[in-house]
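Student: Before anything else, here's the structure in question.
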Amino acid sequence: MQLHPADAEARLGFDTIRARLLAHARTPYGREKLEALQPVADVDAVAAPLARAGEMQSAVASGSPVPVRETADIRATLRRLGPKGSRVSGEELADVRHTLETLRALHDDLHGRQRHAPALWQIGQRVVVIKALEDRIFRTIDENGEVRDDASPELSRLARAIQNAEGQVRSAVQRALREATAQGWATEDQPTIRGGRAVIPVRAEAKRKIKGFVQDVSSTGQTVFVEPAAAVEINNEIRELQVARGYEIERILAEVSAHLRHHRPEIERSLEALATLDAAHAAGRLAHDLGAIVPEVASAGAMRLVGARNPVLMLHVASGEGRGGKEASGARGSEAAGEPAARAARDVVPLDLSLGDEHVTLVVTGPNAGGKSVALKTVGLFALMGACGLPVPAAPGTRLVLPTRIFVDVGDRQSIEDDLSTFTSHLQTMRRVLEEADERSLVLIDEAGTGTDPAEGGAIAESVLRRLTQRRAMTVATTHVGALKAFAHDTPGAENASMEFSRQRLEPTYRFQTGIPGSSYAFEIARRVGLDGPVIDEARAKVGESAARLEDLLAEAESRAEEAERTRAEAEIQLKEANRVRADYEQRLEKHRAERDAIKAAALADADSILRDANAAVERAVREIKEAEAEKEATQLARQRLAETKETVQRRSRNVDKRRKRRAPSTPGGALLGPASGAKAAGAPASSGPIAVGDQVRIDGNGASGEVLELTGKEAVIALGALTSRVKLKRLTKVGGRKEQKVFVKGGGAHEPLPITRARVKVDLRGQRVEDALQEVERFVDEGIAAGLPSVEILHGKGTGALRQAIQNQLARRRDIVGFEAAEWDQGGDGVTVVRLA
C-alpha cells in the first residue's frame with residue numbers, strides 16, 4: 001500500500017495507535033515486529049492477523065489471557081554459539097531458560113485452545129518445547145545467573161572443601177586475635193579483610209610479636225593489619241580450590257552451551273512464532289481497550305462504517321486527557337466517570353458512513369470544531385488499521401475496503417525552507433492525486449478550497465473532486481465553501497454530508513449526517529460570543545440576501561433533521577421497551593406452563609402411589625382373613641386396617657389436590673443419605689468371603705452402603721457418610737474389600753535421601769517476597785537434612801531485617817534441626833543465617 005505524503009500515518013494519528021501497540025508488547029521480538037508493521041492492500045495477508053488479534057481480545061475479555069511474558073532478547077546469545085567450542089555466560093543461560101519457560105507455557109496454553117482460538121493454536125504449533133534443555137539449565141544455573149554448587153559432583157566437593165577451609169581460616173584468625181587482645185597488642189576486637197585476606201589489626205610497635213605477614217597499614221601508620229601465619233597456608237589452599245572451582249565452572253558452562261547449540265535452530269524458529277504471538281497479543285490488548293471488532297475486509301466494493309469511533313480520540317478520552325473537549329474533538333464535554341474504555345465508548349460519538357456504493361465522494365460541511373476533521377481521519381485510520389490486521393472500534397456490519405493508495409491532505413504543510421505556502425503545498429498534493437488516483441484509491445482532503453481566494457479556491461476544488469468522482473476514487477473532503485455543497489447535490493456519485501449542530505444550544509453534537517449539507521453558523525456563533533449586533537447585521541447584508549437565505553434554509557433543514565432523529569430515537573426506545581415487556585411475559589408464561597406440567601406429573605405419580613398402597617392393603621387384609629379362616633377377631637382387625645388405609649388414601653388425595661392448586665415448591669439441593677448416594681453400591685456385585693473390618697458392604701433392604709468400622713458378635717458398626725449405624729451381619733452383603741490407604745509426603749511423592757553431591761549448601765533469597773522465601777527455606781533445609789549435610793547457609797541480606805526475622809522465626813519452629821545463628825563477620829554477618837543440621 002502506498003501512502004502520500006510520507007508522513008500520512010502521523011497526519012491521521014496512526015503513530016498514536018502504533019505507540020499503544022508497542023506499549024502492550026511484552027518481548028523484544030514482538031516490539032520489533034510491530035515497529036516494522038506496514039499496511040498492505042492484500043485481503044488474504046490481513047485475514048490471519050485479524051483473526052489472531054480477535055482471538056487474543058476474546059481471551060483477555062474472558063479473564064484467561066494467553067501467557068505472553070516479558071523476556072530478554074537471546075538472539076545475540078544464539079548467534080555467538082555459532083563456532084564450535086564457544087560458550088555463553090551463566091547470566092545468558094538464565095535468560096535462555098526463562099525464554100524456554102515462556103515458550104513452553106505458550107505451547108501448553110495454546111494446545112487447549114484449538115477449538116476456540118484456531119488461528120493462535122496454529123502459531124502455537126510452531127513453538128518447540130525443549131524440556132530437557134530447560135531442566136539442564138535449571139539444575140546448573142540459579143536465578144542470578146550463577147552456576148549452582150551442586151551443578152556437578154566435583155563442583156559440590158570443591159564448594160564443601162572451600163567452606164571447610166574458610167572455617168579453618170576463621171578459627172585461626174580468631175585464635176590469633178584472642179592472643180593479641182590478651183597481650184594488649186590488638187587495636188580492635190574484630191578481624192577485618194585486607195586484600196581479600198583475613199587479618200587482625202595490631203599496634204605498629206607489636207607487629208613483630210605476632211607470627212604472620214603484614215598485608216596493609218592504616219593511613220596514620222599506627223595500625224598494621226597482620227595475616228596470622230596459621231591462616232596463610234590455609235588461604236593458599238583456598239586460592240587453589242577456587243582456581244579449580246573456576247575451571248570446573250568453565251567446563252560446565254561449555255557443556256551446557258554445547259547442548260544449547262544443538263537446539264539453536266528449533267529455538268530460533270520458536271522465537272519467530274513468539275514474535276507473531278506477542279504482536280497478536282498487543283493487538284488483542286489494544287482491541288480490548290477500544291472495545292473493537294474484527295471487521296469484514298474486502299479489496300473492492302463499498303466501505304461501510306457502523307458505529308465507528310475514532311480510536312485516537314478514544315485513547316485520548318480514556319487516558320483522562322481532553323475532558324470537556326470542545327475543540328475539534330468529536331467527543332462530548334461530559335465529566336463521565338468509571339472504567340476508561342467504557343468512558344471513551346460513551347463520550348466519543350459514533351459515526352455511520354458509507355462510501356463507494358451509490359456515491360464515492362462525500363463533501364462534509366458544518367461549523368468549526370464540529371468534528372469534520374475527526375470524521376475524515378476516522379475513515380483514514382480505519383483503512384490503515386484494517387490494512388495492518390488490527391480490529392477497529394465499530395459495531396458489527398462494518399466493512400472495510402483496502403485501497404492500494406491513500407492520499408492525505410490534512411494539516412498545514414507550509415515550509416519556509418522549500419518556499420511553500422499552505423495553498424501551494426495543497427496544490428502539489430492535488431497534482432499528485434490527479435496523476436495517480438484510481439478506483440482503488442482513498443483520497444482525504446481537509447478544508448478543500450481554502451488558503452486562497454474563496455471563489456477561485458472553491459472552483460479548483462470542485463474541478464478536482466469532479467475528476468476524482470468520475471474515476472470512482474473513494475474521496476472524503478471537508479470544506480466551508482458553499483459552491484461545493486451544490487456540486488455534491490448536482491453530481492452523480494457525489495453526496496453531501498454534515499456534522500449536526502444544535503441551534504437551541506448553539507453547539508455541535510458531533511453527529512454525522514449523510515445527505516444533508518451543513519451550515520457554518522458563523523453569524524449565530526458570533527452572536528453567542530457577544531460580537532456587536534450591528535456588526536453582525538452589516539455582515540449578513542454584505543453576504544447578500546440570497547446567500548443568507550440559503551444558510552437559513554440549511555439551518556432549518558438541519559433543525560428538522562435533528563427533530564426527526566430525536567423522534568426516531570424515542571420510537572426506538574419505546575419499541576425496545578415493548579419487546580422487553582413481551583419477552584418477559586413470554587418467559588413468565590413458559591415458566592408457568594413448566595410448573596403446571598411438573599405439578600400435574602407429581603400429582604399423577606402421587607395418585608398412582610396411593611392406588612398401589614391401597615391395593616396392597618386390601619390384598620393383605622383379604623389374605624389375613626383367609627389365613628385366619630374368617631375368625632371374628634381377625635376379621636375385625638382386617639377391617640380396622642382397611643379403614644386406616646382408606647383414611648390414609650383420603651388424606652393423601654387431599655394433599656394431591658392442594659399441590660395442584662399451589663405452585664410447586666423448590667426442591668432442596670441434596671441430602672445426607674438418599675437414593676442417589678446408595679445407587680452405585682446397590683448395583684455393585686457381591687464379593688465372596690467373610691465380612692471384616694474395613695470392607696465395603698451394602699445393607700439389604702434399603703440399598704445404603706458404607707464401610708465396616710467394628711465387628712461385635714452378630715452385629716457390625718457401619719460408617720454411612722457422616723453417620724454410623726449398628727446393623728446385624730445377616731442384613732449385610734460384602735461388595736468390596738478394604739480400601740487401599742495412600743500416604744502422601746509433602747512435596748509430592750515419596751521422600752528419598754538426596755545424594756550429598758546433589759545437595760545445595762547455600763541459597764540466595766535476596767529480593768524475594770517473604771512468602772516465596774519461606775517456601776524455599778523449607779525445601780532447602782529438607783534437602784540438606786536428606787543429604788546428611790552438617791550445616792547450610794541462607795543468604796537473605798540485611799536490609800530492614802524483616803526477611804531475616806521471618807526466616808529465623810520459621811526455623812525456630814522446626815524440631816529437626818540443631819540450631820541456627822548469624823554467620824561470622826567475614827561470611828556476611830547478620831546478612832547470612834547458618835543452620836546447623838547435625
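Quick reminder: no glycine exception, Cβ is built from N, Cα and C everywhere.
Below are the features listed in TrEMBL for this protein:
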- 321-342: region 'Disordered' (REGION)
- 328-342: compositional bias 'Low complexity' (COMPBIAS)
- GLY366, PRO367, ASN368, ALA369, GLY370, GLY371, LYS372, SER373: ATP binding site (BINDING)
- 629-692: region 'Disordered' (REGION)
- 641-656: compositional bias 'Basic and acidic residues' (COMPBIAS)
- 668-690: compositional bias 'Low complexity' (COMPBIAS)
- 763-838: domain 'Smr' (DOMAIN)
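For each feature listed, report its degree of burial, its nearest neighbours and the pertinent distances within the displayed model.
Tutor: Counted within 10 Å of its Cβ, the other Cβ atoms near GLY370 (ATP binding site) come to 27, all protein chains included.
Per DSSP, the domain 'Smr' (763-838) is made up of 35 helix, 16 strand, 25 coil.
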Student: Taking every protein chain shown into account, which of the binding-site residues PRO367, GLY371 has the largest tally of Cβ atoms within 10 Å of its Cβ?
Tutor: GLY371
Student: State the three-class DSSP label for SER373 (ATP binding site), counting H, G and I as helix, E and B as strand, and everything else as coil.
Tutor: helix
Student: Counting across all protein chains shown, how many other Cβ atoms sit within 10 Å of the Cβ of SER373 (ATP binding site)?
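Tutor: Result for SER373 (ATP binding site): 22 other Cβ atoms within 10 Å.
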Student: Using a 10 Å cut-off, grab the number of neighbouring Cβ atoms around the Cβ of ALA369 (ATP binding site), all chains included.
Tutor: 19
